[in-house]
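Q: Take this structure first; my questions come after.
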Amino acid sequence: MGNELNDLIKAAYSDFKRNKVRTALTSLGIMIGVLSVVMLIALGLGLKNYIREQFENLGTNLLVVLAGSGFSGGGAQSFGPGLVSGIRFDEKDVTKLKRISEIDYVVPVFFKSSVASYNGKKETGFIFGTTEEIFSLLNLKAQSGSLLSKSDIQSASKDVVLGASIAGKLFEDPSAAESKIIRLENQRFRIIGIAQKKGDNEMDNAIFMSYKTTFGSLNPDKEFFTIYLGVSSKENIPIAKKKAEQALLERYDEDQFSVTEQAEILSTVNQIFSVINAVLVSIGSISLLVGGIGIMNIMYATVTERTKEVGIRRAIGATQKDILLQFLTESVLLSLFGGLMGLLLASIIVLIVRAFFPVAINLFSVLITIIVSSSIGIFFGVFPARRAAKLPPIEAIRYE
């Protein structure tokens, strides 16, 4: 069996060498199809991993209070107003939630895009009106200077902490930015520290300040988009969640907010991306279908060209099975070659793009490429191969 397969592969390789251009063009359709599918999977997988990592970085004993009836996305940590309900939270909600004994800390977040300026330079950043606990919540440390303190929050100081990226854009030497004054919407703020780079666009372009400081022109309605609740222990999460819901139900309807566990959010993210991946793969599969039809057409043409060869082989003892396997092997190898080239090209693109955008290729993508490519070769190659196998030997020899 091994020798027979080896002979079939050698025969197919010899034919490919004789028809290099046709081989390359035939494999091109499969290569493009596989490239499309793998890149779409890589994009979906990368985004899914990225969002999961962001939530895992927030810690385990965490509840997230969102406006709306459930998790609906937003920023990397759902700070932004990607929330569909008309309500926003306020200090009364924060005060109520702080009274729950199972909750160790309450972190309200006001989020707003704004332009920061220094010495004529202007850069877009994200204002985070919040509390000092946000830094431990995000595992965010100071690269230089210091972070906001409890007194900064309570006194509504004009001190701010900049993310690493926006600091680098505004200052040639970010480490020297401490005590410098920047302007935000015609207000002056003093920089007290630069946060370490996080690798997240929102965090690295953040401008952290006391939520009370925003209670003016920045946030005239004194509202929050999200509230994070740090629970004392994992065992207390269910009771803390129930009490938080009861506290908020005193002011809002049930469908106007949600108190969500981290595990629930991650489960929702997984479900969403499973659907997205299925849709993306379906779209990419159209390219594979076109490539498979291309292989079938070329193999039909090959059978016609080699009709006399088939007749001679049958005359000297080759069976229908031998002829079938010969052409089927060529079809599978053509498809597999195109698939592997598509995978290789996708891997190169991922290596280049991953520096700017979350994309990832896993073992699943590799296995799918091999299985799908081989399957396409078999499915679209079996019809031309059967036609070749059924050619009458005498008529085939006479074919000109």
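Cβ from N, Cα, C; glycine included.
Pulled these features from TrEMBL for this protein:
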DOMAIN    23-246  domain 'MacB-like periplasmic core'
DOMAIN    282-393  domain 'ABC3 transporter permease C-terminal'
TRANSMEM  24-47  transmembrane segment
TRANSMEM  275-303  transmembrane segment
TRANSMEM  324-357  transmembrane segment
TRANSMEM  363-383  transmembrane segment
Q: How about long-range neighbours of the transmembrane segment (363-383): same chain, 6 or more residues beyond its ends, C-beta under 8 Å?
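A: Answer is 30, 34, 37-38, 41-42, 45, 288, 291-293, 295-296, 299-300, 327-328, 330-336, 338-340, 342-343, 346.
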Q: Is the transmembrane segment (275-303) packed against any residues at least 6 beyond its ends, judged by a Cβ distance under 8 Å, and which are they?
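A: For the transmembrane segment (275-303), the sequence-distant neighbours (Cβ-Cβ under 8 Å, at least 6 residues beyond its ends) are 15, 22, 26, 28-34, 36-37, 39-41, 43-45, 310, 327, 330-331, 334-335, 338, 372, 376-377, 379-381, 383-385, 387-388, 391.
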Q: Treating G and I as helix alongside H, and B as strand alongside E, what does DSSP give for the domain 'ABC3 transporter permease C-terminal' (282-393) in helix, strand and coil?
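A: Output for the domain 'ABC3 transporter permease C-terminal' (282-393) reads 95 helix, 0 strand, 17 coil.
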